[in-house]
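**Q** Provided herewith is a single structure, encoded as structure tokens, for subsequent inquiry.
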Amino acid sequence: MRSIFGFAAVLLAAVVPLVAAQDMTAALQALPQCAAACLIDGITHSACSTNLTAACICTNAPLQQQITLCVSANCAIKQTLVTKNVTDTACGVPVRDRGASYNATSITLIVIACTVVLVRLCFKVFVIRSLSPDDYVVFALLVITIPSVVITSIGTTPNGVGRDIWTLTPEKITDFLFYFYLMAMLYFVQVALIKIAMLFFYLRIFPAQGVRRLLWGTVIFSVLFGIFFFFLAIFQCQPISFFWTHWDGEHEGKCLNSNAIAWANAGISIALDIWMLAIPLAQLKTLNLHWKKKIGVGFMFLVGTFVTIVSIIRLQALVTFGTSANATWDNFPVSLWSTVEIAVGIMCTCMPALRLLLVRLFPALGGGSSAYGRGAYYGRSGGGGGGGGGGGPGGSSNRMGNSSKRRTLGNLTSTSRSHNDSVPPSTSISLDNVSAKQMGIVRQQTFAVQYDDDEASLVHMQGMDRGGRKDHDMETL
């Protein structure tokens, strides 16, 4: 770290014009003693010894390199920072500060995300009157996200994020790293909760056992993923306080490679996002929908790719993470893109609920694929092709010259065909109690319509056609 901060001495000679015009001794007193000695020695052996101007001294590359090496070898980190600040001021280098823009961006994005969550929860509580597991996860995400924006406003921003570290006091540098430490812990939890919320959403719309096993396995992995990195962030340094005090080189302790931790978390997170996208998209081929509606369903799942895209963009900010000497400036992109990633992730988890709200407000946006009534279970019977109405709910067909009988199965209505008249038409029974010999050819397809949920449900249907071939359909209603 000292060798990198030694670059602060590159512009030390900028004070020389002041010296030539006023008092050299007074100017040198503004610098640490070690840096002043390097400055005098460097100028004496450079081409600027006969041209004591800022234009010469501030832009002489060989002189800058010589002074840099000297300061790196002879000055402590705090002394190097003071030297860099003095010389930048003397050379007229502008002060860089992106803290205000970051704070405004963070507050705006998080306020929008939290508003979306509140709209979702209010809609579920007061209109749907039912909360699902993913709603509780999103609420937990909201509870954790609010402190993160508060820490940004009263912690990292006032203490130097987006500014050069040499323009800050030692106390501010330490405070910045402390608040950054807290933000890192919250970030790891937020990333995991976003994934868990999306997975619980998938669990509600995919009842097929094979898919559910994959989803539950991914839920467990995501929980472990979040817990592991949360505790890794807490205990990455021994003692823990060494995370925010190590910068000055005056404290003893050791830390894990924070750059490797950040890359590992980002890599696993992106891979998990791709896996979570592949699961629902793989089910598109089983949807019993017009291709246009399949595209619409696909776009519903592709909303999650926005989070993945932001995560990938964030990778470029991790190149210098944990290794930069100018932590307050170089960690600005990491802070910014992490905030964007979390805000976009929160909004994506709420998109299905917002879609339903918009459909409630503007029914024309629904474009449903079924005209069936709401909130009930339906049965559909009939084979492929042929006679009128057999494929609709409660429809009948006499294609084989057999009697059609309508039965009520609790909330399920089904039409069966039988060669055996021993079952009276008015009898209300379960198909499970009728033998295959009595029923002849039976095709049963069952699906649930969940209009009062966050989405048009995708529900697995099984049946047998006339040739005995198993049929697996997924239908969006």
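Note that Cβ sites are derived from N, Cα and C of the backbone, with glycine treated the same way.
What TrEMBL shows for this protein is this:
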type: DOMAIN; residues: 2-118; note: domain 'CFEM'
type: DISULFID; residues: Cys58-Cys91; note: disulfide bond
type: TRANSMEM; residues: 104-123; note: transmembrane segment
type: TRANSMEM; residues: 135-156; note: transmembrane segment
type: TRANSMEM; residues: 176-202; note: transmembrane segment
type: TRANSMEM; residues: 214-235; note: transmembrane segment
type: TRANSMEM; residues: 260-283; note: transmembrane segment
type: TRANSMEM; residues: 295-315; note: transmembrane segment
type: TRANSMEM; residues: 335-358; note: transmembrane segment
type: REGION; residues: 385-431; note: region 'Disordered'
type: COMPBIAS; residues: 385-395; note: compositional bias 'Gly residues'
type: COMPBIAS; residues: 410-431; note: compositional bias 'Polar residues'
**Q** Quick test of the contact rule: Cβ under 8 Å, at least six residues beyond the ends. What residues does that give for the transmembrane segment (135-156)?
**A** 102-103, 106-107, 110-111, 113-114, 117-118, 120-121, 124, 175-176, 178-180, 182-183, 186-187, 189-190, 193-194, 196-197, 200, 335, 339, 342, 346, 349-350
**Q** With every protein chain in view, what's the tally of Cβ atoms within 10 Å of the Cβ of Cys58 (disulfide bond), excluding that atom itself?
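**A** Looking across every protein chain shown, the total is 23.
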**Q** Per DSSP, to which secondary structure element type does Cys58 (disulfide bond) belong, with helix, strand and coil as the options?
**A** coil
**Q** Specify the secondary structure state of Cys91 (disulfide bond) as given by DSSP, simplified to three classes.
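**A** Going by the DSSP assignment, Cys91 (disulfide bond) belongs to neither helix nor strand, so it counts as coil.
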**Q** Note the mean pLDDT of the domain 'CFEM' (2-118), expressed as a whole number.
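**A** Within the domain 'CFEM' (2-118), the model's average pLDDT equals 75.
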**Q** Would you mind checking how many other C-beta atoms are within 10 angstroms of the C-beta on Cys91 (disulfide bond)?
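**A** Other Cβ atoms within 10 Å of Cys91 (disulfide bond): 19.
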